[in-house]
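These notes are about the structure you will find just below.
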Amino acid sequence: MTNLQDQTQQIVPFIRSLLMPTTGPASIPDDTLEKHTLRSETSTYNLTVGDTGSGLIVFFPGFPGSIVGAHYTLQSNGNYKFDQMLLTAQNLPASYNYCRLVSRSLTVRSSTLPGGVYALNGTINAVTFQGSLSELTDVSYNGLMSATANINDKIGNVLVGEGVTVLSLPTSYDLGYVRLGDPIPAIGLDPKMVATCDSSDRPRVYTITAADNYQFSSQYQTGGVTITLFSANIDAITSLSVGGELVFKTSVQSLVLGATICLIGFDGTAVITRAVAANNGLTAGIDNLMPFNLVIPTNEITQPITSIKLEIVTSKSDGQAGEQMSWSASGSLAVTIHGGNYPGALRPVTLVAYERVATGSVVTVAGVSNFELIPNPELAKNLVTEYGRFDPGAMNYTKLILSERDRLGIKTVWPTREYTDFREYFMEVADLNSPLKIAGAFGFKDIIRAIRRIAVPVVSTLFPPAAPVAHAIGEGVDYLRGDEAQAASGTARAASGKARAASGRIRQLTLAADKGYEVVANLFQVPQNPVVDGILASPGILRGAHNLDCVLREGATLFPVVITTVEDAMTPKALNNKMFAVIEGVREDLQPPSQRGSFIRTLSGHRVYGYAPDGVLPLETGRDYTVVPIDDVWDDSIMLSKDPIPPIVGNSGNLAIAYMDVFRPKVPIHVAMTGALNACGEIEKISFRSTKLATAHRLGLKLAGPGAFDVNTGPNWATFIKRFPHNPRDWDRLPYLNLPYLPPNAGRQYHLAMAASEFKETPELESAVRAMEAAANVDPLFQSALSVFMWLEENGIVTDMANFALSDPNAHRMRNFLANALQAGSKSQRAKYGTAGYGVEARGPTLEGAQREKDTRISKKMETMGIYFATQEWVAFNRHRRPSPGQLKYWQNTREIPDPNEYYLDYVHAEKSRLASEEQILRAATSIYGAPVQAEPLQAFIDEVAKVYEINHGRGPNQEQMKDLLLTAMEMKHRNPRRAPPKPKPKPNAPTQRPPGRLGRWIRTVSDEDLE
């Protein structure tokens, strides 16, 4: 697929660089092969936030050159003001002549705070607009979000500290190199003279009808009267030219005109002003011509241009105030933007607006741009350049991935943290051998695997040197270089194998259905949707793939062939196998050059192109057909092959042509056909059956061919027709039955061709096979050995088992494996799958089967208990339950079979109630109501407790009832006037009085009375 030799990791460098530009540049794998050098250029700017805290950054993500974008600040009057252009670090035109942009990513965020600010405020809105800058109608912070409806092209309210990342995705492919406007050698008298070579590829041209008999009338003023004759939106960031003419007519003498062209920037200011006419006198009565021929070089365009206007100044020689001035004008002009229509040059644009950021903060813009560059002659002396690598597989893989980018979650604008988290996912996308674990977590696994299935085969088909045809060189056959192998008739051909297969014991494959397929009467397997590695994909999963040039959406029938060369009359030598399609009409333009010009006539005189001219095709067809090689089939399309395949012959193609002629399907039929007819018109088996089966299986198809077993089609063919809506509704029989040259029992001899060893038709081999068949009929052990061999061959593990046998000569490991493997009926197998015997796939029971087993089990148990009315049918009607107590009592009392789902509650004895004593109720009420020191419970509370005992048939309250009683008691205590008085709260301890001082043992204290 890629140019790497490492088989464990197949990276597509181009898509990796697109999704992760910081990983470096990669050559674009298209067929534009120029010697170039790869270079990564960085862009880093620290932008200061203005007074309003808002601004706008305009990016040109696809521009092939040094220009990256521009920065504008929002003024207090609501208008934007241009700040500066954003460029790459190196001025590319100074060193390089031509350029192609490979990838680009830019990050906008802020992490700095001005003095006095302690919080990082502000948010960012970003949107990618699929148009030019001048086409935006609302560039306000909130209005930007209405520029597109694609959710993957806009994000809003991202914190300025987190930042956003802008990713450049290609808007077109297979593009040429663009001239950079580099300086060219020149000599002039003026030292400031500059000569450059600008891009002339894909210019953008604006045609403006400036005036169509426009009438001007005014009175003379000093300095003249100025009017804007026209103003039109244009887009330019590179050099441009203006050309055209105006014709003026007047009846006033001595009128003088001046004309000025102004190029207006995005902020509304005039970037460039050029006078194209000054003091041009008009002659009355005649046509006065005013031509325009203006060239603006790139170095003068200092900011993006979004409009152009033409101003006319009217005056009069020696005029007096109040004198009348009038004229009429007609004419048009054209504005040519050099390289402006190159994809990515002016559209799309990505706008990143920030709001409410602290004044003086710094918004950092950092990014990388990857280029393919062709150096100028001076630099080329010291810089090695090399050709790009043509890799159509990588290119188509990239196209298919990006065509589904909305469904794969690939955005153009990201929150920076989310983009960083997605890098591992992008690595999975770029690595063809990755297991897609992260993609599976996001739900993208099926889509990417389907794209890989389509894109990978393109390498070997469109670019054979990338993956040569298997065994072609090793076998010494060099038909890829033009030395085609010569068949017996002198013409190289692909033979489908007419010989009878040697083995008559090819049995039908037991596991006939792959995951994602519908099996129809064991006859055909028709995918209703694309199948990729056994995973069913949804219809239309690869809409973008239909845009490839090699994809054909027409009715077709498919058949495989084996490309052979003939060494002698008896020994064909197989080289390769290929799938072919039969399409209606003469379509040699779809064939590879090696097949064109070769055709065979049918019995009715029509032609089949792509067949070797070997006699007459034994068919009567109603029209011409073309046989083309194909590489893949999915949905309702086929992918054509450009391999140098020679013209073909063979019965498989005859069957496919007959099928196409009779039924004319409108879409490719998803079943490959093969078969052979003997001289008597009877169906024979075919050789190369396993090779053809492998060919069909690679495309997710099954091979329908002749076999030794009858297949009863019955009404199932009509079911198949209904499942395939493109077919006519009157197809109620197997199509093979309607082929004009097949025997009546042909349909019953067709089934899915199974894998078999590839035998050569030799007498010795046929006798050996017959001997093996005879031995198998009489020796059961030999029969088992043949069955094991068939099982190994059908599943494609013969070589693996042979290698395993070499490493285990005494079969010790195999015996241990078989001894520990799950056996039919073992406990571990029953626990996981249910019961199953050998040769039968163990599956868990269905819901109906499990219910039937339960009914049988209940019925047998009831029978052992003497309850004979509970039969299996009765249990099923009883909702798969055993008889209830009421049903059993009814049967015991009446000896009549009770009705299912009737419970007979009258026959069930009511529960006996126990009456609680008054003492028990009072004791419980007192315990619940409060402590013994409190007042006795109220009679109302005692009655509540008695009700609980009555409800519980004499038992005490449960937990819920106890909670309710406690709440009731609390309420009654608060409103009870006879409740016990609350205990007085203890007073705080007062400090004791200080005793009087001790005066002596016999001295009495003098009191107040003594003093009186």
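Any Cβ shown, glycine's included, is placed from N, Cα and C.
Lifted from Swiss-Prot, the feature list:
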type     : residues  : note
ACT_SITE : Ser652    : active site, nucleophile
ACT_SITE : Lys692    : active site
BINDING  : Asp30     : divalent metal cation binding site
COMPBIAS : 975-986   : compositional bias 'Basic residues'
DOMAIN   : 513-755   : domain 'Peptidase S50'
REGION   : 970-1012  : region 'Disordered'
REGION   : 1003-1012 : region 'Interaction with VP1 protein'
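The average pLDDT the prediction assigns to the domain 'Peptidase S50' (513-755) is 60. Counting every protein chain shown, the number of other Cβ atoms lying within 10 Å of the Cβ of the residue listed as 'active site, nucleophile' is 29. Of all Cβ atoms in the protein chains displayed, 29 besides its own lie within 10 Å of the Cβ of the residue listed as 'active site'. Spacing of the residue listed as 'active site' relative to Ser652 (active site, nucleophile) is 10 Å (Cα to Cα, whole number).
Taking Cβ-Cβ distances under 8 Å and a sequence gap of 6 or more within the same chain, the neighbours of Asp30 (divalent metal cation binding site) are Tyr173, Asp174, Gly388, Phe390, Met395.
The DSSP secondary structure for the residue listed as 'divalent metal cation binding site' is coil.
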